Structures are given as structure tokens and as C-alpha cells.
Amino acid sequence: MRGYLLLLPLLLCLVDNSVSYKPVILVHGLLSSSKSFDKLIQFIKKAHPGTDIYPVDMFNHLKSLNPMWKQVYEIRKYISPIIKNAGLKGVHLICYSQGGLICRGLLETMPEHNVDTFIALSSPLMGQYGMTLYVQKALPLVNISALQEVCYRKFFKEISICGYWRDPHRYEKYLEYSAFLPKLNNELLDSNSTERKRNFLRLRKLVLIGGPDDEVIAPWQSSHFGFYNEKEEVVNMKDQMVYQKDTFGLQSLDGRGAITIYSVPGVLHASWPNNQTVFKNYIEKWLT
């Protein structure tokens, strides 16, 4: 018995060292870069030593205005080997702001992905409408009336933000000219709609984080799959057509208890990836 007791510390050490965390892939937002995740990377390394972390260093700053589908396809080339190497263990995605929409595109177009948890950090998942700082930085010389005309013209519709600009008063124009979000939502059906939904449902867990003091995402409830109706009243996720008709799998995911939603007050948009409280309370637990 004494011999076993002497071996116990060694055995515990071996068990502790055998803990292996899933790789984490980070995708940044509009007019930003992988540097926006510097503090978040520190938080993850401290909480889960040994975690392999892959901040996507692509489409930085003004290049983030490139067409959304172009960003999805190029980033997919980068993360595919990471996902493949992870094997059955799987990976986690943390995707911030515009990056959350890019990650939706990745999930829907990768039939063999093994993403365990997708954490969407203050992302305009159901679109953007309103001249917040987010829009003003991207298109500083354009007001909201002009932006509606810019985004709903063939020449400009490939600008990233126009791909998910969603005017609640002009839904038909949104369907016609927004090159990204209607397809992502399967609001416009095509030969790949069924496959996009099937791919999205490979996801094990969806974590939605946003808050009322964001001041950039408009409406802020878009980070929770809510959006304006034609009266500019916010319609929550479960009352959205894409949820009720389960167009891309949102209702199915929710039905199996796979969606967690956090509404966090007091956090400005630029602070989400740098906020240690946000990490400790709403992110860390999902990165096992």
C-alpha cells in the first residue's frame, strides 16, 4: 500500500500532462487583423496551457473589404489542414465581428469539418443596418441613404459589408443584391442549399455572445440572430423566418440543445476580444 501511495503523485502528474485541448482557430473582423486577438491568445494560453492556437492572418485592414465569399474560400484553404490534422479530436472556432459571418461560410461549405464549438463574438449574424462606427470606418464618405444605394447596385455589391447589409424596408433588394447573407441563410435556394444546411449541422455547439452596449453591431441582437422587421422593431431569433422554417439548421441545432446565448452589458465592440471577464465567464468553459 505504501508503494502505491508513493507512486500516486507521479500518476497524477502523468494524468495532468495528458490533458490535450482542442486547437482553436481565430478569425478577425472588419478593418482589423489577427493582432486584435493578442490578449485573447494570452488568456487561452494561461487557462489552457499547450493549446494550439491559429489566428488567421489574412484579409487584414482594408483587405477585409474584399468580397465575403472570396474571404471564405481563401481562409478555407488555410484552415483545412488544421482541421484535417485535428482528426476526431476536432477544433474550436472563435470568430469576431465580421469574422463570425466568415465562419458561418466556412462551416456551410466544408462537408468534412470537425468543428466542435463555434463561438460568435459580437457578430452581425443576421445582417447589419445602421450608420454605426463600424460602417462609418468602412465607408467614411457614405451616409445611410447613400449606402443603401451603393450596396444595392451591381458594381458595389461585392464589398464585404454590402454582402450582409440588410435594409428591413427593402427586403427584395436585399435578396437581389446582397451577395452573401441571403445564400448563407438559404433565403435564396440553389443546388447547394441542402448541403450547406447539412454541413452547418455537423457543428456540435454554437455560442452566441453580444450585448446592448456594443455600439457597432446594429441591431446588437443580430449577434443573437435577431433583426429588425419593417417597423425597425427587433424580432428575436426564434421568431425569425429562417429559424421557423429551419432554412439552414438553426432550429435543428437549437432543438438538440446546442445553442447557448449570452447577453453581456457594458462591453464596447472593440473590447470583446480583450476583455478578461468575457473570456472567463463566457468563453473559457467551451474550449476544452
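Backbone N, Cα and C define each Cβ position, glycine as well.
Taken from Swiss-Prot, the feature signal peptide applies to 1-20. Feature annotation from Swiss-Prot assigns disulfide bond to Cys95-Cys103, Cys151-Cys162; the stated evidence is similarity to another entry. Marked as active site, nucleophile by Swiss-Prot on the basis of similarity to another entry: Ser97. Feature annotation from Swiss-Prot assigns N-linked glycosylation site to Asn143, Asn192, Asn275. Sequence annotations record features per position, and here Swiss-Prot assigns active site to Asp214, His269 based on similarity to another entry.
Structural mapping of features recorded in Swiss-Prot.
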residue : record                      : contacts (Cβ under 8 Å, 6+ apart)
Cys95   : disulfide bond              : Leu26, Val27, Ile102, Cys103, Phe118, Ile119, Ala120, Leu121, Ser123
Cys151  : disulfide bond              : Lys157, Ile159, Ile161, Cys162, Trp165, Tyr177, Ser178
Asn192  : N-linked glycosylation site : none
Asp214  : active site                 : Ser122, Trp220, Ser223, Val267, Leu268, His269
Asn275  : N-linked glycosylation site : Val267
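Candidate recorded positions: Ser97, Cys103, Cys162, His269. Fewest other C-beta atoms within 10 angstroms, His269. According to its DSSP assignment, Asn192 (N-linked glycosylation site) is coil.
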